[in-house]
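Trainee: Take this structure first; my questions come after.
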Amino acid sequence: MNRGVPFRHLLLVLQLALLPAATQGKKVVLGKKGDTVELTCTASQKKSIQFHWKNSNQIKILGNQGSFLTKGPSKLNDRADSRRSLWDQGNFPLIIKNLKIEDSDTYICEVEDQKEEVQLLVFGLTANSDTHLLQGQSLTLTLESPPGSSPSVQCRSPRGKNIQGGKTLSVSQLELQDSGTWTCTVLQNQKKVEFKIDIVVLAFQKASSIVYKKEGEQVEFSFPLAFTVEKLTGSGELWWQAERASSSKSWITFDLKNKEVSVKRVTQDPKLQMGKKLPLHLTLPQALPQYAGSGNLTLALEAKTGKLHQEVNLVVMRATQLQKNLTCEVWGPTSPKLMLSLKLENKEAKVSKREKAVWVLNPEAGMWQCLLSDSGQVLLESNIKVLPTWSTPVQPMALIVLGGVAGLLLFIGLGIFFCVRCRHRRRQAERMSQIKRLLSEKKTCQCPHRFQKTCSPI
């Protein structure tokens, strides 16, 4: 037993003597596919000395001969390099450009009769087919890794959602907030490498919008996109379901080419107008109750499966006065929590209900406001002026009656005046005739007082 110990010691010494250089601990370095990696090798002497880099098959990659860089017959011949400026400092790095998954290997640096081993693991992370996805579609991220590795992956979306997995990660029903830079971290052997992937979610800025208008006002519908593409081509259509209609109908169809919009077909009632450039913009000449309702604009992009959607709603308000009834009405899709009110200006609401129509009987004169509000915030307002009761529609008849009475009284008055005047003239004429007769008979005693001087007693 004791005689075997010296032999084993001798065998170990012989093996160590046969080794060309001592091997230090192996380092692990993670790299990204397509990137550049730098593997370090440091000598104890701060000067340029001879070194060699080899792969696990002992095939030389590169080394030096004096101040010259020499390369071996490895597959990295055209992608391998070193930093000559660091040689005088005792640093002899191996630089590998445009990394590939198959570059994963153990690389050996021989310097000063020592060996430094570096294990390089190259990973790649790619998105499925395209990084431009329609809203609602699924995103799949696939990790490429070297054989024998067992990495874990964790990704964080722009909206802060964390997704964990192995070599495949899937995210369903992408939302607009998922558009942006995704940060993914790959962990292997307590080392990590970070990937950044830009994902563009193709969508409208708003999933739905609502427009509030008074009857007769012009309506503007806008459909801005949440992304920018230099050459955007596709086609679209707006379908509209009026509140009073039994079915929806197509209001307009259009083409989109290089951000230029051209109308293919438009209905005559209503006759929409469409802008010729992005963002998509539609104009309805007048907001009328028969147009109130909901629409759905679809946009199909070239080379993309599926369509973009945006819902748009139109609410129309009308305030009217008919005889002694003041009415406020709204048409279109409204929330049950919305409040419809009628109030006299600068006064409390006369009536306020969660309904689509309210009214006031025998309203006071003044400016009345019809208000549609949500939790105190006014969404739509229409004003109507109520005139005093004497200015009601019966005014012309009253004036006719009053005028007739006044005319009759004037006629009667004039008749009486002319009758009295005529009678007065007749009596005066009779008196003058009597005077002339008396004078002719020389009976001056019967004359008026002014003729008494010429009268003689009978």
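Backbone N, Cα and C define each Cβ position, glycine as well.
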Trainee: Out of 21-49, 79-107, 166-194, 427-455, let me know the one Swiss-Prot marks region 'HIV-1 Vpu-susceptibility domain'.
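Mentor: Matching range for region 'HIV-1 Vpu-susceptibility domain': 427-455.
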Trainee: Taking Cys370 as one end of a disulfide recorded in Swiss-Prot, give the other end from among Cys328, Cys419.
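Mentor: Record-based pairing for Cys370: Cys328.
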Trainee: Just to confirm: which same-chain residues, 6+ apart in sequence, have a Cβ under 8 Å from the Cβ of Cys328 (disulfide bond)?
Mentor: Met317, Arg318, Ala319, Leu340, Ser341, Leu342, Ala357, Val358, Trp359, Cys370, Ser382
Trainee: Taking only the Cα atoms, work out how far Ser433 (phosphoserine) lies from Cys109 (disulfide bond), in Å, as a whole number.
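Mentor: On Cα coordinates alone, these residues lie 164 Å apart.
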Trainee: Given the recorded positions Cys155, Cys184, Ser440, find the one whose Cα is closest in space to the Cα of Cys109 (disulfide bond).
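Mentor: Nearest listed residue in space: Cys184.
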Trainee: If I take the alpha carbons of Cys184 (disulfide bond) and Ser440 (phosphoserine), what is the distance between them in whole Å?
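Mentor: About 146 Å separates the two Cα atoms.
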Trainee: By Cβ count within 10 Å, point out the most packed of the disulfide-bonded residues listed: Cys41, Cys109, Cys155, Cys184.
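Mentor: When each Cβ's neighbours within 10 Å are tallied, Cys109 leads.
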